[in-house]
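J.: I have a structure here, written as structure tokens, and I will follow up with some questions on it.
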Amino acid sequence: MRHARIAASIAALSTIALPLSACGGGNGSTSNDAFAAHLKDRGPITYVQGKVNDNATHAIIDQWNKLHPDEKVTLKEQTDEADQQHDDLVRNFDAKNPEYDVVSVDLVWTSEFAAKGYLQPLKGDMAIDTDGLLDSAVEGAQYNGVQYAAPQTSDGGMLYYRSDLVKTPPKTWKELFDDCAIARKAHIDCYAGQFNKYEGLTVNASEAINGAGGAIMAEDGKTPTVDSPEAAKGLQVLVDGFKSGDIPKSAITYSEEEGRTAFESGKLLFLRNWPYVYGLAASEASSKVKGKFDVAPLPGLDGVGASTLGGHNAAISAYSDHKATAIDFLKFLESADIQKEYMEKGSLAPIRAEVYKDPALVKKYPYLPTLLTSIENAVPRPRTPFYPAVTKAIQDNAYAALKGDKTAAEAVKDMAAAIKAASGQ
Amino acid sequence: MSSNASGSPASAPARRRLPRRRARGSSLDPHETRRALLLVAPAVAVLALVIGYPVVRAVWMSFQADQHLDANGTFVQGGFAGLDNYKHWLLQRCGDVACPPGSTGSSFWEVVGITLFFTVVTVSIELVLGFWFAVIMNGKFRGRGLVRAAVLIPWAIPTAVTAKLWYFIFSYDGIANHLFGAHVVWFGDKWAARSAIIVSDVWKTTPFMALLILAGLQLISDDVYEAAKVDGASAWQRFWSITVPLVKPAVVVALLFRTLDVLRMYDLPAIMTGGGAGDGNDTTTLSILVINEIRNGFNSAAALSTLTFLLVFGVAFLFIKFLGASATGAEPKAKR
């Protein structure tokens, strides 16, 4: 009887252990042998990316298939949830699945996958031509100085402002907070970004730090450099904003959508957000700021600030059987025509500067020149294989500083210590 | 979970029969014992496979080190780690130094405290409210069946939906602030966020508690009350001397289930606050910490989940030992 009792208790409890072991065995062993195999082989390949919610991807693949009937590309769609896409890729790479030939990788996963030996280094025969590509995007696809992926689409933050209330957009943080007098007069809030404790806070805190001349990590992906007076000064700008009320206190719970809603309902003078807001704020029925807003590059401490780079890279799996076809497909994705199509049909920011200057596109998307400035000044998020722990280190400490629980100087000091611990040093 | 709700009322009559049989003969005869073992064996084998294996594997993993970078910046296997992963959590050591703020290791004891706090507070409130609801529903009144069905609705709604619902209620422009004319940033403040989670959890699971207790109440025969009335016992005396002791087994089972549930709580705080608020981790439960840690390394996460397992197991053990809860419901009560 007692045994039955214990067995029943175990049954009730063991649900904790189940999810963990289900995804256990994440052993990313190195695969240097795989790098030399199948380099010259051609044939049909599979391209893997998250759920397609644009009108460009299918058209682009159809175009390739028409041109290469013997080396067709099959699209494999994942979920639309980033964490699940990441875990699906890890599982398939771990299983050395040759059916994942070309994969679309979020910028921040590139280093982790490279360090685990999943991605074919793009050198020698597999090298890509980076001429004409935006420098920050090229950099965002490197780890330890090696090109592991080809930039595919890009993204950058911009400052949305009420052009009916502010005549010339602010270039520096000081100018921005000086303009808050206008907001107070109009009884609306002044500035908001993404300050909830999630990835968005990493983006916003990095922008404040990079825009003031600070840097979060060294090139090697393990040494923190964030404990500097510049970094503290950058973070202090946001801390002061919260303290003075120029950033409303409810902004501590804002992610992208809350900020967009506040701006579109006319309750916000300045908003930091991604380009997707432009189209919605200009067209949505509920938007009260139609024709009353414009965009500018993000402000910095003494000039244009540093946006955090977003976007995706296309990479070749080290376990692909048809790498020669795969590299051709990567080059195809980077060509000017395809980049234009990404922008035209999918509103996905291109990685070639020339596309941003296309007159027809600029007419349709007036924010393109601003976005180009933003991306040209953009800094990728820390390129480290320990990204999940590093982003937590940034979030936790930036959040504590914004809440006034610690000073900006203490926050960057703790950030550096936590990043160091995260990289196993 | 649904099996718990239906399992308890059905098994309660068995509990009343058993003591008599036990009183007559001392133990079962050997043939019957062997047959019982044979009948139980297949189920035990399946349990060992689907439950034992993951548990053993998680424990084994917890003694391995997570992979780390070599000089070329490539990941290599971590090898055997001994108790390092446990030291990491229990002593909050990251390598040779104390875990700095912003690492998962630094928040372990805080998170244990938060989890226990949620457990004690929500289960206490649910017990009182659940008992109250059950007593009301046990009375005879018009539309009793409808009330009993209706009260189950919050519990029937999937937790993820409940969480989103209360997330909107407590948002800055939400109903809660409008109702009280307040300007509380519910998910930005430590105690406000915890209160919001407690309110949601109580709203969601009190019906479960109420129905389990109601099942216990229904087993008490009206004759007992009538006899007490004849003897001149007041309503209060009848409650304390009859209702409470007789309903205790049902209450203890309900408490056990709820306590185990809250100790493992993930969905409500994860969806409502992402484990944030206050200093940034003030609504992080152990399960949320385990999931977060999986992204950093499977083996350290395995150690954490083993610790969580031990905590939950320990609490369940204490319940069974001291309160005499029986998860299977067929256990004879030795005393009385």
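Glycine is no exception: its Cβ is also placed from the backbone N, Cα and C atoms.
Sharing the feature lines straight out of TrEMBL:
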REGION    B:1-29  region 'Disordered'
COMPBIAS  B:1-13  compositional bias 'Low complexity'
COMPBIAS  B:14-24  compositional bias 'Basic residues'
TRANSMEM  B:36-56  transmembrane segment
TRANSMEM  B:111-134  transmembrane segment
DOMAIN    B:112-319  domain 'ABC transmembrane type-1'
TRANSMEM  B:146-169  transmembrane segment
TRANSMEM  B:239-257  transmembrane segment
TRANSMEM  B:301-323  transmembrane segment
J.: Any residues 6+ beyond the ends of the transmembrane segment (B:301-323) with a Cβ under 8 Å from its own?
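T.: The answer is 55, 58-59, 61-62, 85-86, 88-90, 108, 112, 252, 255-256, 259-260, 263-264, 286-287, 289-290, 293-294.
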J.: Using a Cβ-Cβ cut-off of under 8 Å, list the residues of the same chain that are 6+ residues beyond the ends of the transmembrane segment (B:146-169) and lie near it.
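T.: For the transmembrane segment (B:146-169), the far contacts come to 133, 137, 175-176, 187, 196, 199-200, 203-208, 210-211, 214, 267-268, 270-272.
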J.: Against which stretches of its own chain does the transmembrane segment (B:111-134) lie, if we need a Cβ under 8 Å and a gap of at least six residues from its ends?
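T.: Same-chain contacts beyond the flanks: 151, 194, 197-198, 201-202, 205-214, 216-217, 251, 254-255, 258-259, 262-263, 265, 281-286, 288-289, 311.
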